[in-house]
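Input: a single structure, listed below in structure tokens.
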Amino acid sequence: MAIISSSLDESNIPRSRKELRLVDSKIIAEEKINKNLNLARPNSFKEFIGQEQIKSSLKIAIEASKYRKEALEHTLLYGQPGLGKTTLALLISYEMNTKCKVASAPSLERPRDIVGLLLGLKEGEILFIDEIHRLNKLTEELLYSAMEDFRLDLTMGANRGTRCRTINLPKFTLIGATTKLASISAPLRDRFGLCHKIELYSNDELHQIIFNFATLINLQLENDACSALAKISRGTPRIALRLLKRVRDYAQVIKNTNKISLEIIEKALNSQKIDNKGLDNIDRKFLSFLNLNNNHPIGLDSIAAGLGEESSMLEFVVEPYLIQIGFIMRTPRGRKLTSLGKKYISSRNEKY
């Protein structure tokens, strides 16, 4: 049973502003309100490119729910940022022919915030909570009975004025999205009947996504240019579309054209200091730092101190792609370059 207290700390914790990386898969403010990106969202599973296994499983679950005339089981979607978790949640609501209310866990600071959302739901509707691993303890505990028994157990007041109240809720579906599955507590995680990992996209899938978006924003994108952009998009549609928009800016302003060739792609990305491997300055500094230390294993905290970056940012944002393309490896003693990574950074003759 959760307790609603008037003594909750409602202060906001300020966040330091970070330099924008075009190859960072996290969403930025501009993309949250960009109409073109919203238009690029598919309207059905048929239009959604990639994630075939997940789509197949979800279709079966949705059809089974319709057959039984029940709400879909609570669903947890996890994976790296920018892979389409929000889009999938909206498509589920479309396929279920119901409404979807969208919220972000950091905005649900007080228990009454989640209570208001739950009380506003109707039978069969969907509540989507992004970054669900960031729910505070009191808010999370309110969800336990709501998810399992479709009721709210509230304790209001204090001391002798304390009273308990149970409010029945309509049967709804909670869809949670997270980039950090391990950060979700076991009691919350166990209440999701469906759990799916959103995988990185193949180059062919990204090629199709980029081509479709280019057509949407009236760009004539040559096939080899599209392929080149797909290869450096880190398996992430959000990065692919962000890079395409920067290429469009370069083509229209510098070249006065909407026709995108491979040459324009290369020049546009070079102006943003992104090379043909999709690496930016931070990636190259990371590799150079390892190279300058004679490729001895180095601890993450030491690398972070040397580069002036947060160790968590390096671990979760920079390292995954460098490991994916085989440029670095993690060892018990620290990080070190692979032969591929050493060859790459040595050929550039760059110094940290």
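Don't overthink the numbers, they just go from 1 along the chain as shown.
Cβ coordinates come from backbone N, Cα and C, glycine included.
The annotation ATP binding site is assigned in Swiss-Prot to Leu37, Arg41, Gly82, Lys85, Thr86, Thr87, Glu148, Asp149, Phe150, Arg191, Tyr201, Arg238. Here Swiss-Prot flags Thr86 as Mg(2+) binding site, drawing on sequence analysis. Residues annotated as DNA binding site in Swiss-Prot, with sequence analysis given as evidence: Arg330, Arg335. Here Swiss-Prot flags 13-201 as region 'Large ATPase domain (RuvB-L)'. What Swiss-Prot lists as region 'Small ATPAse domain (RuvB-S)' is 202-273. Residues or ranges marked as region 'Head domain (RuvB-H)' in Swiss-Prot (evidence: sequence analysis): 276-352.
Of all the Cβ atoms in the protein chains shown, 23 others lie within 10 Å of the Cβ of Arg335 (DNA binding site). Here the Cα atom of Thr86 (ATP binding site) is found 31 Å from that of Arg330 (DNA binding site). Gly82 (ATP binding site) carries neither a helix nor a strand DSSP state and counts as coil.
Taking each Cβ in turn and tallying the other Cβ atoms within 10 Å, the top scorer among the binding-site residues Phe150, Tyr201 is Tyr201.
In sequence order, Arg191 constitute the residues six or more apart from Glu148 (ATP binding site) in its chain with CB-CB distances below 8 Å. Cα to Cα, Phe150 (ATP binding site) and Arg330 (DNA binding site) are separated by 45 Å. Counting residues of the region 'Small ATPAse domain (RuvB-S)' (202-273) by DSSP class, helix then strand then coil, yields 51 helix, 4 strand, 17 coil. Each residue in the region 'Head domain (RuvB-H)' (276-352) gets a DSSP state, and the totals come to 44 helix, 9 strand, 24 coil. A straight line from the CA of Arg335 (DNA binding site) to the CA of Gly82 (ATP binding site) spans 26 Å. Between Tyr201 (ATP binding site) and Arg330 (DNA binding site), the C-alpha separation comes to 24 Å. With a 10 A radius on its CB, Thr86 (ATP binding site) counts 19 other CB atoms from all the protein chains.
The 10 Å shell around the Cβ of Gly82 (ATP binding site) contains 26 further Cβ atoms across the protein chains shown.
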